[in-house]
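What TrEMBL records for 54-87, 236-269, 282-315, 320-353, 354-387 is repeat 'TPR'. Under the heading domain 'J', TrEMBL lists 407-477.
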Amino acid sequence: MIKKNICGENCNLYGPGSVVLLSPAGSKMAAVDCDVPMDLEPEIMSEEEMEREAEGFKEQGNAFYIQKDYSEAFNYYTKAIDTCPKNASYYGNRAATLMMLSRYREALEDSQQAVRLDDCFMKGHLREGKCHLSLGNSMAASRCFQKVLELEHDNSQAQQEHKNAEAVQEYEKMAEFGFEKRDFRKVVYCMDRALLFAPACHRFKILKAECLALLGRYPEAQSVASDILRMDSTNGDALYVRGLCLYYEDCIDKAVQFFVQALRMAPDHEKARLACRNAKALKAKKEEGNKAFKDGNYEDAYRLYSEALTIDPNNIKTNAKLYCNRGTVGSKLKKLEQAIEDCTSAIKLDETYIKAYLRRAQCYMDTEQYEEAVRDYEKVYQTEKTKEHKHLLKTAQLELKKSKRKDYYKVLGVGKSATDDEIKKAYRKRALMHHPDRHSAATPEVQKEEEKKFKEVGEAFTVLSDPKKKSRYDSGHDLEDDGMNAGDFDANNIFKAFFGGPGGFSFEANQSSGPGNFFFQFG
């Protein structure tokens, strides 16, 4: 044993195993035994001892693996590798543990190292293939499984995994074709199936999320992208999908921020670049249209909204608003049928868009399509039961009820704001036009039709010439509720009263003009 002076400069050795302490003045003090071992270089283990120690670490790792304590198993397999780094099975075991921890990229590296050390290590090739497949690289996975089958041609696990890899390749082809045809539902279906075999493939998840966004299923798309970003906050594809969802939800400013961030992470990301450009262009054009509308430049607003609608047909929510805005402009320009079409287009894109229903309903009211107006207002009121919506519905229902009655204004050929004199002039003209005596030479069918019209003219005049009746008629009241019905009107008496009593007029045939031609004269 080597002795070491631990007492500083004032300590001298006195024989083996003893020291004499000196006072500050140099006088001797008692001798003390002080056996202190010197630091030694670490003892170098033999190769056999290292292998034995590594095996011990491996066995401990196996025990933890069986207990499903994969983190501890990983630690002991790592100790085994550190102790004996040339053993393929240790890398293979750690790869299996990493796979259970869903750390497939690290597991892939260990599997590849295992087969580099031992090309005949069947489990290593099998695990490498599984890692490739989990990460979505089905072709590389197929090569690995083929290698296993070369080593053991009847390996059932490799045969099944090889079929799984082929299935993933087929789903990829179907998804690619579906995306080209804009069949996004099919793409989502294919990616769901592929992800059963490749749960760690970000590429499949991103494609699924993008198609979910294109289908308007934004919360699902956001969830997929967020899961990826939790594992990799710099993933440009996931940032692009997050931006895409915001863009399609008409949150354009926030969307642009995500697109810019995606391009910062992946400068060559063409989809992010295109989406960013479209988002900026759409926002600018929409704002130009809004300004033109506020300034009363309706023709310019109509044109700008139309141009905005051509920028991105996939942006359902924004395009629904653009169609509704253009419908509003169309109603201002008295293009009511076009306005109805635009509102209908908006509703097709977004069935929950209340503003579009309200705008279309008003256009239906303006064009006297009351049944359609009532249907739209009912939809609105079912969704939002406000006093305003209830009033609009009741108004439309009243107009519908009124429209089902005889329209006395149309019978006389006057507008609803006609004066008393205009109503009288209209009655005079229509009564003489349809008087039965004027059509005495016509066929029975014509006589019957003209008699009917003559009675309607008298009925219309009776109501519209009486201020009280006219007021109740205009307010939508059913005149039959007041004890009046069509049978109470005598058109001939009304005619006689209007033209001054019996004997005050007569119709005579004009023989030179042929049958059916009459003139009337006052007595």
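Backbone N, Cα and C atoms are what each Cβ position is placed from, and that goes for glycine too.
Automated prediction, rather than curation, is the source of TrEMBL annotations.
Because the structure is a prediction, the values reported are computed rather than measured.
The helix, strand and coil residue counts that DSSP assigns across the repeat 'TPR' (54-87) are 27 helix, 0 strand, 7 coil. Assigned with DSSP, the residues of the repeat 'TPR' (282-315) fall into helix, strand and coil as follows: 24 helix, 0 strand, 10 coil. Mean pLDDT, taken over the repeat 'TPR' (354-387), works out to 96 on the 0 to 100 scale. In terms of DSSP secondary structure, the repeat 'TPR' (320-353) contains 27 helix, 0 strand, 7 coil.
Under DSSP, the residues of the repeat 'TPR' (354-387) split into helix, strand and coil as follows: 28 helix, 0 strand, 6 coil.
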